[in-house]
Amino acid sequence: MRVRVGATTAHVAEDASVLDAVRAAGISLPTLCHDDRLTPAGSCRACLVRAGGKVVAACVTPAAEDAPIEVDADDLRGLRREAVEVIVSVLPPRALDDEHGRSELAGVCHDLGVAPDTARGAGGRGRDDSHPYVRLDRDLCIACGRCVRMCAEVQGTFALTLVGRGSDTVVAPGTGGPWAESECVACGGCVDTCPTGALTEPGLSGGDRTPELPGTRTTCGYCGVGCSLDVLTGGDSVTAVLPARDGPVNRGHACVKGRFAHGFLRSPDRLTRPLLRRDGRLEPVSWEEALDHVARELRAAVAAGGPGAVAAISSARATNEENYLLQKFMRTVIGTNSVDNCSRLCHAPSAAGLTAAFGLPGGTDPFEDVESADCLLLVGANPVEAHPVVGARLLQRVLRGARLVVADPRAVGLARHADVHLRPRPGTNVALFHAMAHVMLAEGLIDEEFLRERSAGLPELTALLAGYSPERTAAVTGVPAADVVAAARLFGLAERPAILYGLGVTEHLHGTDGVRALSNLAILRGAVGTGRGFGVNPLRGQNNVQGASDMGALPDLLPGYGKVTDADARLRAERVWGVLVPPRPGLRIPEMFAAARSGELRALWILGEDVCATDPDSNQVVQALESCPLVICDELFLSETARRADVVLPAASWLEKDGTFVNFDRRFQRVRAALAPPGAARPDFEIIHAVAAALGADLGCATPAEALTECGRIAPVFAGLSHERLDREGAVPWPCRHPDRPGESSLYRERFATPDGLAHLSAAPYLPPGEEPDDRYPLVLVTGRRWAHYNSGGMTRRTDNLLLDPTDRLDVHPVDASRHRLGDGDRVTVRSRHGEAHLTVQVSDDMTPGQVFCAFHFPASGVNALTSDRGDAATSCPEYKVTAVRLLAGERAGQAR
Ligand SMILES: Nc1nc2c(c(=O)[nH]1)N[C@H]1C(S)=C(S)[C@@H](COP(=O)(O)OP(=O)(O)OC[C@H]3O[C@@H](n4cnc5c(=O)[nH]c(N)nc54)[C@H](O)[C@@H]3O)O[C@H]1N2
Ligand SMILES: Nc1nc2c(c(=O)[nH]1)N[C@H]1C(S)=C(S)[C@@H](COP(=O)(O)OP(=O)(O)OC[C@H]3O[C@@H](n4cnc5c(=O)[nH]c(N)nc54)[C@H](O)[C@@H]3O)O[C@H]1N2
Ligand SMILES: [Mo]
């Protein structure tokens, strides 16, 4: 609509506010309680204007064509100044002595002509400095409520409230007591929106957060959400990390890890020099000496056992370009396909299952499309803790009316908001999904036209599903038939259903079957490849686990997913690389360890994966490393793996290097160095080049930018990508086949990428998990994540996140706790058929009786000594989610927090 603002005309949307119209007219208007990310409050009166003749707060008043807006009249300026003077008058003088001149409040006062000496309050309301990342100075609080709305409307934690009366009103945690003991999950949203400096973070002074602050735009290096961050530095360290408002995925939001957990960078434990094992001890040496040793021993390994005696584990923490270079090194310099990455431990079943069902190994739709979903099916994923920015957006969808079905044995995260919470016994997903499909078929909740024209396999699936009535599967899954029916109806009747899932689907003995059976539901409903719904989307884990696989750091696939067994795919790589590519698939990670134990593997290069802490059955992993004559480890820290290596090469972290990551919805985004690496540490990119050079080889592509371009020459799906394009456009999804055409964020609109162009239903039957409880091991242990720590914990334990979550806990249902006479804070020994771990008990109603849960963020506890080396039949992904254990009460420890 057209709205008159002063002498000009603004064009705005039908639902625009007067404030929107004023801004669209290019006129500046002060605000204090307003933030574009939040519902307007209209409480500060700093934006008073006249609309249609009446004085109104612009932020809360709808614009109208017949209500011309007046902004600049003297009386209006006076009213605005008076409103702000009232607010400021109770603040202490320091509220306006803003040394950086960047506080929003100081800026508004300056614009309105509010004199600095207006702030004459006595102060004395005190501070709350209990939290490591969020500091409260109550004297500066103007009770604008932005922090409270941020916590509710963006983060969805509802941890904050306003307390007190009149000018004494101030923000406080809703639980009362100190901030550190509140429900705050330290996303930083409150700090980010506070206009006065009442809420601050260490490193940044009050209100220091205007968009024009200089910083380095990069992509978060923790999880796979791919948040855009602006990193501010001072000297040689990070002062603050701010979420980018124009970040395509995070839109100004972040979480405790990306936002605050950068203290590891300057940890005294950082590796700053190469280390070489001599007489059993790791000793610092020069790069030259370390590289000489590596080259000599790699040559010796190949001489003794051929190229197949060397293997590499690439890193999903590292950049695309680094992954590209390492697989190129293995294939062209060593001459083996034995290169793998932690996708093996994580979403390899997604890659396999989604490829079989739809044709490509990634999620099917862009994340923003969940905004239009009317029913979310969230399976085996806990995004509130593991992908907090995604979890927050999903919760907002649900609070605004989308229906929610959660399938998770535990009552955590979004399960608390679910319309239906299915709690399957761990390892029984396939039976559960088949039961849902059974109901959808029986009740006609399917898209017959889609099934007829765009799918294959319906007759086989229909025959199979006859045996999966919800009543019958209840005995296997433990899920009541009525719940399955309710879930199937919510999903089946939805106009635009969305499937999001995590490791609760993949990390099983039949994880690939799980992905296929889940994909069946989307196919039956015609909710994939049609724009009706959000398809099937894995919440991929590591910052660059999608990319590590995309770049060909896999034993059977080349960059862009050409098979090494396919002569045409090899030829594409051979033309670019100028050497022959070995035609036989290499070893997967568990096969590498087995080969090391049997003496066939003589050299293993591990880039940033703490295999001794995070791979399953860790006693056997340790044995493998001990049996392998040469273990090289690129690391930030002396991890459990690095300390067992023969050569340790100090690596740069994501904040110290250049390149790209691919996030969970297939977006390429730039990673840029905000700092130099410490001491002699180098980016993995340089390390790989240096090792190749020590062997007399030149890998070409001297810069990360050249590496990505070279990859695009091999892989048609990346042919349109370049650093230069990403610098210009921000994020570009793949497939992206042409520099002048956009990437494809929604897949399969015309045809699926399978050989016949159809979506393939799977009729694989339910098979039981690899581990079943028995009299000796009566409990099922599920392992997974907690919000404040990340995987091995190597990084987050070296930050103040350790104050937020200091102990490794075993969650035990009250019934099991009392049966074992265990209480909160008791030390307990957990024993499985494979090993032993030591944890602290936390009695928790989130659990189902008979099941216990722990994370794996504190390697010293030994959690992965418990897990088995069994893996998914199709992909070898470990069965991390099902281990039979028993509990032995240990010594009593201090109260758990
Ligand atoms: N804070 C934090 N965030 C992280 C990480 C971290 O370590 N810490 N790691 C990152 C990585 S690498 C990854 S891969 C992602 C993982 O992210 P998620 O996949 O969300 O993580 P998990 O907690 O391992 O598992 C998810 C859920 O699966 C459930 N589950 C277990 N067994 C079953 C089952 O048989 N059926 C069903 N339906 N559910 C089951 C568990 O109870 C758990 O709540 O997180 C990433 N983000
Ligand atoms: N019990 C149990 N175990 C699990 C899981 C589970 O659910 N349960 N989940 C599994 C999953 S999904 C995953 S992805 C794995 C993750 O397991 P890992 O990949 O081993 O864990 P991370 O802690 O993410 O990273 C490993 C190391 O990389 C280093 N690092 C970080 N950035 C860089 C870099 O840029 N370069 C180099 N060279 N090093 C770097 C860190 O210092 C850290 O020591 O754990 C698996 N283990
Ligand atoms: Mo992962």
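Using the three backbone atoms N, Cα and C, a Cβ is placed for every residue, glycine included.
TrEMBL lists 1-75 with the feature domain '2Fe-2S ferredoxin-type'.
According to TrEMBL, the feature domain '4Fe-4S ferredoxin-type' maps to 132-163 (among others). Tertiary neighbourhood of the domain '4Fe-4S ferredoxin-type' (132-163): same-chain residues 32-35, 37-39, 41, 43-44, 87, 91-92, 94-95, 105, 121, 123-126, 169-175, 179-180, 182-202, 206, 252-253, 256, 259-260, 391-392, 395-396, 399, 800, 803-804, selected by CB-CB distance under 8 Å and a gap of 6+ residues from either end.
The domain '4Fe-4S ferredoxin-type' (176-204): residue composition by secondary structure is 8 helix, 2 strand, 19 coil, according to DSSP. Taken from TrEMBL, the feature domain '4Fe-4S ferredoxin-type' covers 176-204 (among others).
Averaged across the domain '4Fe-4S Mo/W bis-MGD-type' (213-269), pLDDT for the predicted model comes to 93. TrEMBL lists 213-269 with the feature domain '4Fe-4S Mo/W bis-MGD-type'.
Away from its own ends, the domain '4Fe-4S ferredoxin-type' (176-204) comes close to residues 32, 35, 37-38, 91, 95, 98, 103-105, 108, 128, 130-142, 144, 146-151, 154-155, 157-160, 170, 232, 238-240, 242-243, 252-256, 259-260, 388, 392, 787-788, 803-804 of its chain (Cβ-Cβ under 8 Å, at least six residues beyond either end). Summarised by DSSP class, the composition of the domain '2Fe-2S ferredoxin-type' (1-75) is 12 helix, 20 strand, 43 coil.
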